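Written out below as structure tokens is the structure these notes cover.
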Ligand SMILES: Nc1ncnc2c1ncn2[C@@H]1O[C@H](COP(=O)(O)OP(=O)(O)O)[C@@H](O)[C@H]1O
Ligand SMILES: C=C(OP(=O)(O)O)C(=O)O
Ligand SMILES: [Mn+2]
């Protein structure tokens with residue numbers, strides 16, 4: 001229990017801890033400490049060394065009274081004992097105690113006061129504090145509803161698996177009871193934001209809030225759109241739309257009163273970034289923003305085309321720099337939901353409309369690809385079923401989140417579309433990634449209601465409803481088989497994927513016996 005833990009407070013009360021430094025000071029510290037480089041954009045650039053993506057094999061949840069019977073234990077949520085956690089916690093604090101200085105960010109997660117949790121992030125690096133400042137909410141509501149959560153990031157501390165019970169020197173450990181996240185052995189900043197997301201994904205469902213791995217924006221009429229998707233499928237890119245106000249790019253809750261952002265900033269992939277293609281993200285990279293693992297030329301100009309350090313290059317910036325943001329970071333109930341999937345087999349239609357059953361089936365399936373770099377060891381697109389389009393971040397069984405989605409779909413009038421932002425004209429390696437321009441056109445058409453009444457065909461394998469015409473997109477692009485040189489090869493690949501959908505869904509068939517038949521592809525198992 002926590003009373004036996006070394007006191008974090010005494011560490012934080014030391015003179016050498018910097019509390020809630022303003023951005024300009026944090027930038028100065030990053031540069032003075034030699035942690036980061038000032039770039040021509042005004043943003044600082046940090047390099048993270050060996051770990052340039054998340055490390056799912058090193059993520060654990062502490063088994064205790066609260067988690068034991070609630071968490072969906074397995075490969076994603078690996079158990080670690082309270083004793084091991086306590087030992088590691090004490091060793092991490094001893095390590096941090098020896099540091100000449102520490103940084104302490106104080107902010108919040110959950111834009112709506114009724115769902116807000118104060119967040120403390122204690123780091124040895126100034127740039128992690130700057131990252132936290134940009135990604136989390138900076139003003140804490142005095143009456144925040146949830147208890148605080150503390151992240152302790154000792155990125156330079158290396159665990160000893162024999163002593164600490166970890167898998168390697170690296171660890172991301174969540175104690176839900178103590179509301180503490182311990183991170184060590186990795187500098188990848190994404191672990192900080194995604195561990196808070198994991199914690200809230202545990203706490204929100206019991207408050208009747210549906211936590212979602214999605215981006216969100218709102219139109220002039222107050223119409224809210226959500227974009228679900230695993231990393232790299234386009235949440236950040238596609239929600240950055242000059243004609244709509246941004247709520248957030250990655251993590252939202254859906255409560256009885258509407259949708260709210262959990263965060264206060266964005267974390268955009270910047271591989272291949274150009275001002276022309278993604279102006280909002282490009283322009284957000286400025287003083288105060290943090291570039292992670294982006295290559296620089298001799299003039300310190302970012303080279304977004306370079307994957308010298310990793311494919312998973314990132315920019316972290318505050319929502320404050322987005323000109324068309326929703327200032328409160330919350331809005332009403334969505335009327336459009338888009339599931340983004342990056343299909344590496346190139347067989348899913350680029351756009352299709354889903355019935356409620358299909359929406360539930362595809363949400364639970366979470367078929368997509370892991371794109372290069374976001375997770376350690378993934379170097380090219382790899383097809384995966386990532387339930388709820390966010391499996392790495394879900395402590396509870398997937399069906400709990402699906403139940404919340406089902407309730408919301410019953411209560412509100414929402415159209416649901418599946419959009420393939422992955423490959424077309426052949427699998428990865430043969431075909432090409434669907435053009436961002438066309439994807440944007442499809443999304444515009446959905447949101448503007450231009451597809452209501454448009455003629456559709458039912459995809460013979462996936463059974464979803466495919467519009468025959470989308471303004472601005474050549475008709476043949478909408479029919480995946482027509483984009484392949486060899487139609488027979490298309491059929492083989494599509495049937496194979498249909499089969500893996502059904503194989504994957506078997507784990508839900510006990511609880512949801514009819515859903516695969518009602519919402520899935522043709523079943524030829
Ligand atoms: N058709 C497309 N739709 C969306 N993104 C695309 C598409 N084609 C290429 N991309 C690229 O894929 C990446 C999507 O990343 P991002 O929006 O950060 O994903 P997420 O926020 O879901 O992790 C961006 O680098 C974007 O330029
Ligand atoms: C930051 C990540 O993902 P996303 O691009 O979805 O924010 C991640 O998976 O580490
Ligand atoms: Mn994103």
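The backbone N, Cα and C atoms fix where each Cβ goes, glycine too.
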Select one of 194, 277: the residue that TrEMBL places in the Mn(2+) site alongside 213, 250.
194
Residue from 87, 244, 286, 314 that TrEMBL also lists as binding substrate with 54, 188, 194:
314
Rounded to the nearest Å - Cα separation of residue 237 (ATP binding site) and residue 213 (Mn(2+) binding site):
14
Between residue 231 (ATP binding site) and residue 250 (Mn(2+) binding site), how far is it from one CA atom to the other, in Å?
9
Tell me which residues of the chain lie with their Cβ under 8 angstroms from that of residue 54 (substrate binding site), as long as they are six or more apart in sequence?
188, 190, 191, 194, 374, 375, 376, 392
For residue 233 (ATP binding site) and residue 250 (Mn(2+) binding site), determine the Cα separation and express it in whole Å.
11
For the C-alpha pair, I'd like the distance in angstrom between residue 250 (Mn(2+) binding site) and residue 235 (ATP binding site), rounded off.
7
If you skip the near sequence neighbours and keep only those at least six away, which residues in the chain come within under 8 angstroms of residue 213 (Mn(2+) binding site), Cβ to Cβ?
197, 228, 229, 230, 235, 250, 251, 388, 389, 390, 393
Do any of the binding-site residues 54, 229, 237 touch ligand 2, in the sense that the CB is under 6 Å from one of its atoms?
54
